[in-house]
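Straight from TrEMBL, the features:
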type     : residues : note
TRANSMEM : 16-35    : transmembrane segment
TRANSMEM : 55-74    : transmembrane segment
TRANSMEM : 86-109   : transmembrane segment
TRANSMEM : 130-151  : transmembrane segment
TRANSMEM : 163-180  : transmembrane segment
TRANSMEM : 192-210  : transmembrane segment
TRANSMEM : 241-260  : transmembrane segment
TRANSMEM : 281-306  : transmembrane segment
TRANSMEM : 326-347  : transmembrane segment
TRANSMEM : 384-407  : transmembrane segment
TRANSMEM : 442-464  : transmembrane segment
TRANSMEM : 516-537  : transmembrane segment
């Protein structure tokens, strides 16, 4: 491999110009739809695009918002450290899309609802709807803030790209085009950003493969380094990534934040027909596979390039999430504008996720709270309130990104909240859709049990991190480096790992050590099992009481007949 003793460059004028173009085009789409739709001043037009969207742009929008900058930057780093088993997520994506299209979508689309949580009121009661909406609002604001902050920090520390400038620019631009253009602006901007993501990835793939010695060299080096052992771990123990955790656990995780998520369902029900909505989901699956393939191959190319000199072990980067930006600056730094293209690729994922979240938050707040309190609002007033809600949630998500900078290790917990909340929410909707016998007390009790279990294991795992034998990162080499290891190198890492394994009790090495991909499954199973048990218990008691009542009536009749005969 090449000499890695030099330092990578920083952003140049051309890079800033390419990056700025992303924001200008995104804002321009919002202005375009604001002007085009100015005569259609209604909340339905603003929040669900008048339910006249076609499958193509909705499919691109779903893929773009599904793949945030965490995927663009984090997935290649995961492949770099743990191998190409990450590709098994493609199995989970397939199940998620199929179940969403065939099971959940028909229920939501045919109900004619705007907020997914409106279904919970129709099925159970208003209390369940309000509780679910509040959970969704809290988890989405928290997660969106981290989605903005995490990639901005990684890019700042590697490229010198201004941290707070990128955070505030993201928040302002997303709020701007969401407020002006509504869902149509979000969908078409996501479609544009999806194209940027693919182009950015392809640029890295082509130049990276060339610098790494070609595809054959990548395949050979990755195989020698153990990165191609995709199906090596097929067991069901507490390993972080196995075939079962990625396929089964991944299905529960993503179905909880995809199949019943307001952001996804809102765009599906904006389609002109149910057929268009279903096609949008299946076309979106193709997009998910493409992005996943690009991320996995990028990770393998990056490993090949650094196979003899790992920048993380050598102290050139301080966190694994900085590996991908570091790699991009090294292979593309000599080409003005191309590093900016990759950063635009990463922030396209951020913009699409944040914009979809803002629009979804405004929708559930308006439908589940505002419209319930003020039922006689005019179309104009409803439209202005919807726009104001977009501004409020845009500010909230940006503020959360600022707060994330002071959270330290809590950022990891914030990222886990999506899975910890998604499982119980998936269980709650499944109780309503799949089990008609479920009653109100079963739904409420099941939700409480599911959230308790998922947060118990998630928070416990954060306090007692799994030992290295559970995560099993693959070997990284510094044999080819031309400089000495720094204090931030591998020696320090090994000390921290050994410290984590001391003073642990049995729950830490069993319950808390399960793969993070099972958190959603735990919440789902807990919610459904408890909900059904409570429902059946209630039904049994009711039948028992009815039986007792009938028995008492029969006894009274017998006494009466006996008295008649005696008389």
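Residue positions begin at 1 at the first shown residue.
In case you wondered, yes, glycine gets a Cβ from its N, Cα and C as well.
Taking pairs at least six residues apart, the transmembrane segment (16-35) and the transmembrane segment (163-180) share three or more Cβ pairs below 8 Å and count as touching.
Remark: the transmembrane segment (130-151) contacts the transmembrane segment (55-74), by the rule of 3 or more CB pairs under 8 A.
Note on the transmembrane segment (241-260): residues 66, 82, 85-86, 88-89, 91-93, 95-96, 99-100, 103-104, 116, 231, 233-235, 418-419, 421-423, 425-426, 429, 515, 517-521, 523-524 of its chain, located 6 or more positions outside it, place their CB under 8 angstroms from a CB of the stretch. Only residues 6 or more beyond the boundaries of the transmembrane segment (163-180), in the same chain, are considered here, and those with a CB under 8 A from a CB of the stretch are 23, 26-27, 29-31, 33-34, 148-149, 152-153, 155-156, 186, 189, 347, 350-351, 354-355, 358-359, 362, 387, 390-391, 394-395, 397-398, 401-402.
Note on the transmembrane segment (192-210): residues 22, 25-26, 29, 60-61, 63-64, 67, 72, 218, 287, 290-291, 294-295, 297-298, 301-302, 305, 327-328, 331-332, 335, 338, 341-342, 344-346, 348-349, 351-352 of its chain, located 6 or more positions outside it, place their CB under 8 angstroms from a CB of the stretch. Remote same-chain partners of the transmembrane segment (442-464), defined as residues 6 or more beyond its termini with a Cβ less than 8 Å from a stretch Cβ, comprise 120, 123-124, 127-128, 131-132, 135, 409, 412-413, 416-417, 419-421, 423-424, 427-428, 431-432, 500, 504, 507-508, 511-514, 516, 518-520, 522-535, 538.
Only residues 6 or more beyond the boundaries of the transmembrane segment (281-306), in the same chain, are considered here, and those with a CB under 8 A from a CB of the stretch are 1-2, 4, 55-56, 58-60, 62-63, 66-67, 71-72, 75-80, 84, 86-87, 89-90, 93-94, 97, 100-101, 105, 194, 197-198, 201-202, 204-205, 208-209, 211-213, 217-219, 221-222, 225, 227, 268, 323-324, 327, 330-331, 476.
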